């Protein structure tokens, strides 16, 4: 749950907006970098000119000169990367696929809004109609319908449409989680352990990435319950109720059996509740923790949406400057684009 709140919630907002905004132009970044190199070189020459008459530099000037030389080396390395990226076939291909990225970004943000609305309505339903924290905010049935809760039981009647939709939901969570991990990195409290960079990620970071994704996939079993409680509780089960029908011609009554969708009012011998739901009902403290976790998930999504909207376009070589990889940054990779 904590992994999903941290990475999936942020990735659901960061991934579509990054696809829509795209990255900065490599040619424009290279022009800015060239100007920075010229400016740093001028500062270096100014400081070195102070010692032309034989006078030694002060401690402050030596420290400043060392910092400027390190800055110059970093800018020249960045210049090599930008030159490589600007002339690579990957950059040209990404430029050609730019309209497709915008379409995918719009699609992902619409799907994210669908999930957020469904999760909000489900949590609101629990807040209004459950017995409170002592029962784990468990409710038998759905009083406030949400889109996914109506769609999944309907698709269950045609095999295997519901499984296809659940697979799409899980894959969506995986993609958004990977986007969140790539943007945030892997942290231990306030200490950054690793960054995820295409073609430059440490093996240890990949192991952490796989572990986090496994935990998030495990959490989706409860997320599906939160998004579609009717589907998780009863699926497409129906039970029969007797209804009296009066015929005017014969002036008599007859009893008909009418099918009705299983809900909280259904008799226990005719409708079977799923084992997953009974587990959450029995261990109510887990359900209560997940309930508050869902509100935190919604809050992180909204915060991530605001942050992603306020942030500008990413650099085309973002993450290349800092070296936390065993692979040397002096060897450009086409995947850095």
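Each residue, glycine too, has its Cβ placed from N, Cα and C.
Nobody curates TrEMBL annotations by hand; they come from automatic prediction.
Among the features that TrEMBL reports, coiled coil is placed at 58-85. Taken from TrEMBL, the feature transmembrane segment applies to 102-121, 163-193, 205-225, 283-307.
If you look at the transmembrane segment (283-307), the same-chain residues 6 or more away from its ends with a CB under 8 A from one of its CBs are 1-2, 4-6, 8-14, 17, 112, 116, 119-120, 122-123, 126, 133-138, 222, 226. Model confidence over the coiled coil (58-85) is summarised by a mean pLDDT of 83.
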